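Inspection log for the structure reproduced underneath, given as structure tokens.
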Amino acid sequence: MSLLEVRNLRKAYGALKVTDDLDLTVEEGEIHAIIGPNGAGKSTLIAQLSGESLSDGGSVRFADAEMMGMAMHRRVRAGISRSFQITSILPGFTALENVATAVQARTGSSFRFFSPVDQENRLNDQALEALDRVGIADRAFFRAGSLSHGEKRQLELAIALATRPRLLLLDEPLAGTSGQEAERLVEVMHSLRGQVTLVLIEHDMAAVFSLADRVSVLVYGQIIATGPPDIIRADPKVRQAYLGEESAGAGDVAD
Amino acid sequence: MRIIPTRAWAATALFTAFAILPFLADALDDSYLVVIATRIIAYAIAALALDLILGYGGLVSFGHAAYLGIGAYSVAILSRAGITDLGLHLAAAIAGAAIFATITGAISLRTKGIYFIMITLAFAQMGYFFFVSLSAYGGDDGVTLAQRSTLFGQPVLESDRALYYTAFALLLGLYLLAVAITRSRFGRVLTGTRENPVRMRAIGFSPFRYQLTAFVISGCMAAVAGVMLANQTNYVSPAFMDWHRSGELVVMVVFGGVGNLLGAVAGATVALLLEEWLSILTEHWPLLFGVILVMVVLYSRDGLSGLFRRRT
């Protein structure tokens with residue numbers, strides 16, 4: 001049984017079919033990259049899988065349970081967590097509070113009104129651990145809004161990890177990060193292999209081909225090919241659909 | 001969170017001033033001061049209640065006067081029925097406010113931004129017109145109370161000073177309660193939702209339940225203010241729920257500084273003191289008040305609390 005089985009997933013904005021009878025299978029423990037030209041529907045797919053936006057039809061089975069029609073916060077509790085293409089954090093909170101809030105969401109009731117939350121060591125310890133894992137523990141007490149762009153990406157990954165997901169959906173985690181920050185993030189994703197199943201949208205092909213166990217190519221709302229990186233790289237259909245439109249220099253994918 | 005040490009200090013100063021005020025009034029031989037101060041404290045409670053959802057939840061309720069009215073009419077209606085105990089008046093006010101807030105909040109919270117402002121205003125106006133049409137309680141003219149609420153069967157609150165200290169104790173208790181709430185797990189979810197609701201959902205929270213709970217808590221607190229106000233004026237009318245009154249509460253919170261609770265108390269205090277003093281100078285005092293409000297908000301995004309913080 002696969003961890004995630006998506007069948008005939010559909011989503012249209014008016015006449016535009018953004019997700020067009022899409023099938024996708026993700027195995028437990030793998031790092032599964034989804035690539036495709038701009039406008040292929042990658043972020044929409046993530047939004048549909050996470051429950052942020054409603055699907056028009058189809059089925060999303062996760063760990064043997066149907067997710068269709070389930071709200072985002074319930075899917076998080078079921079074990080599907082995500083990051084956003086455009087960084088989404090709590091800017092007025094410290095980095096530590098950002099992550100501690102995510103820990104709080106899965107540990108105990110939040111209808112507690114009297115005891116100060118910033119003194120709950122269990123929350124803070126786990127939050128600090130997650131910050132350390134992504135490499136920004138030294139920023140714990142900085143306001144999240146004041147962090148650099150790359151640090152915010154790292155923070156967002158720490159927040160997602162703090163929900164203890166079985167499946168982590170990452171929407172362009174490397175977008176806009178510096179070389180060093182990107183390296184650190186790739187390293188973190190490598191370290192997650194086998195612990196968390198990753199579905200990764202990424203434009204950085206070097207990162208994709210070094211990380212992914214399998215790659216799926218999404219074009220016009222459909223997966224046109226799925227397979228190990230080497231096979232995908234050599235697939236003529238992929239070269240035509242993806243490289244033909246996206247870049248003159250085939251080097252992007254061939255690297 | 002950086003302002004907390006300053007806030008604790010400022011809160012101690014402000015509440016100490018409130019505590020010794022009746023003695024100051026004695027020294028000045030100005031008993032009217034205690035009457036004004038009771039009114040100030042009642043409004044401070046309402047502003048505090050509003051700041052809890054406005055400042056921390058990002059929910060701009062433009063209908064909080066409804067809860068003043070619910071509190072005030074609880075006193076009027078129970079008193080006429082022969083129930084005069086303050087505890088029961090407060091219980092009825094809180095229960096009434098909880099019901100009203102649960103129903104109107106559940107509907108209002110489906111909207112955001114300007115729509116939320118308008119829908120809370122609309123619900124408050126419904127309350128206003130309900131009491132306008134309630135002829136048994138004087139309709140538009142309202143109703144004069146035969147006596148103040150009693151405490152343990154005794155007419156203790158007939159003394160202005162006793163009423164003042166009762167209001168003060170309620171303010172202090174509710175202030176400490178509000179501070180605790182904002183620092184709790186619940187408060188963190190409420191504040192986080194103001195910061196970024198999508199992020200909160202993406203870590204597994206459903207914000208609605210928390211926002212509605214905060215809305216109900218806030219409404220109940222404001223109803224306590226209504227009970228005090230009715231006792232202070234010995235008179236209850238739909239004017240308590242007028243939308244102007246809701247606007248004044250928002251002004252007090254913004255004036256004092258949004259989202260630190262003490263600012264709301266200070267905002268209500270300074271706004272009402274200015275009203276008293278400026279109205280002696282000129283009948284066009286709202287104009288002067290407007291200028292002062294604009295200056296404060298213009299030069300300090302955090303209202304009076306911001307001015308204070310900058311100096312320290």
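Backbone N, Cα and C atoms are what each Cβ position is placed from, and that goes for glycine too.
Residues or ranges marked as transmembrane segment in TrEMBL: B:37-58, B:65-83, B:89-107, B:114-137, B:162-181, B:208-229, B:249-273, B:285-301.
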Of the listed stretches (B:162-181, B:208-229, B:249-273), which one yields the highest count of Cβ-Cβ distances below 8 Å with the transmembrane segment (B:65-83)?
B:208-229
Out of B:37-58, B:208-229, B:249-273, B:285-301, which stretch has the largest tally of CB pairs under 8 angstroms to the transmembrane segment (B:89-107)?
B:208-229
If we skip the immediate neighbours and take only residues 6+ beyond the ends of the transmembrane segment (B:285-301), which ones have a Cβ under 8 Å from one of its Cβ atoms?
251, 254-255, 257, 271, 274-275, 278-279, 307, 310
Which residues of the chain, 6 or more past the ends of the transmembrane segment (B:162-181), have a CB below 8 A from one of its CBs?
11, 15, 18-19, 21-22, 34, 37-38, 41-42, 44-45, 48-49, 51-52, 86, 148, 151, 156, 187, 217, 221, 224, 228, 231-232, 261-262, 265
List, by number or range, the same-chain residues at least 6 past the transmembrane segment (B:249-273) whose CB is under 8 A from its CB atoms?
3, 7, 10-11, 14, 36, 39-40, 43-44, 46-48, 50-52, 54-56, 60, 62, 64-65, 171, 175, 178-179, 182, 289, 293, 296-297, 300, 302-306
Quick test of the contact rule: Cβ under 8 Å, at least six residues beyond the ends. What residues does that give for the transmembrane segment (B:37-58)?
18, 21-22, 25, 64, 67-68, 160, 163-164, 167-168, 170-171, 174-175, 178, 181-182, 187, 190-191, 193-194, 211, 214-215, 217-222, 224-226, 228-229, 232-233, 248-250, 252-253, 256, 258-261, 263-265, 267-269, 271-273
Do any residues, 6 or more residues outside the transmembrane segment (B:208-229), come within under 8 Å Cβ-to-Cβ of it, and if so which ones?
38-39, 41-46, 48-50, 52-53, 56-57, 59, 61, 64, 66-75, 86, 89-90, 93-94, 96-98, 100-102, 105-106, 108-109, 149, 163, 166-167, 170, 174, 178, 181, 186, 189-190, 193, 240
